[in-house]
Amino acid sequence: MKLGIVIFPSKMIQDKANGLRKRYDPHYALVPPHITLKTPFETQDEQLESIVNELHTIASKTNPFALHVGKVGSFAPVNNVLYFKVEKTPELTFLNEEMHSGFFTQEREYAFVPHLTIGQGLSDAEHADVLGRLRMKDFYYEQPIDRFHLLYQLENGTWTVHETFRLGKGNN
């Protein structure tokens, strides 16, 4: 089974991101807008209970925090991906590090850059055009975060929530 670990922003932020994703992200229908804490990984069904237990432990060691989303960025020239930048708080860094050490040890493909994808798979020309237009707009959103989610991928490629983990002691 294929799993991923994410934070879902508020409906207002998701609506703003989806307004752009409809036009610029071919994965729009597969998963709601999110901040990836751990990229998708394959695991055996028998490991699911251990994964869930470890995520409860990580969540209990992490306090709720404020998520700051703003400005448009890009991973070009590595990838023609457009995103809303997410401020790299100590809590986000801690969550990401915990999900790449100990029980979850696995090689990282990229350094951790918290973001909310709004476009991908664009041609170089389209990417440059859209990035230029979006960088002129002023985006800034802030919201409290008190949970993250373990997702699994269905056979049709869509992602759905398996379990939600509330941050802070005594919440799980």
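Any Cβ shown, glycine's included, is placed from N, Cα and C.
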34-37, 54-57, 70-73, 98-101 - the range that Swiss-Prot marks as motif 'HXTX 1': 34-37
Motif 'HXTX 2' according to Swiss-Prot, located in which of 3-6, 27-30, 111-114, 115-118: 115-118
Alpha-carbon spacing, His34 (active site, proton donor) to His115 (active site, proton acceptor), which is rounded to whole Å: 8
Distant-in-sequence neighbours of the motif 'HXTX 2' (115-118), which means Cβ under 8 A and at least six residues beyond its ends: 9, 13, 17, 20-21, 24-25, 27, 33-35, 69, 72-73, 81-86, 134
For the motif 'HXTX 1' (34-37), the number of residues DSSP places in helix, strand and coil: 0 helix, 3 strand, 1 coil
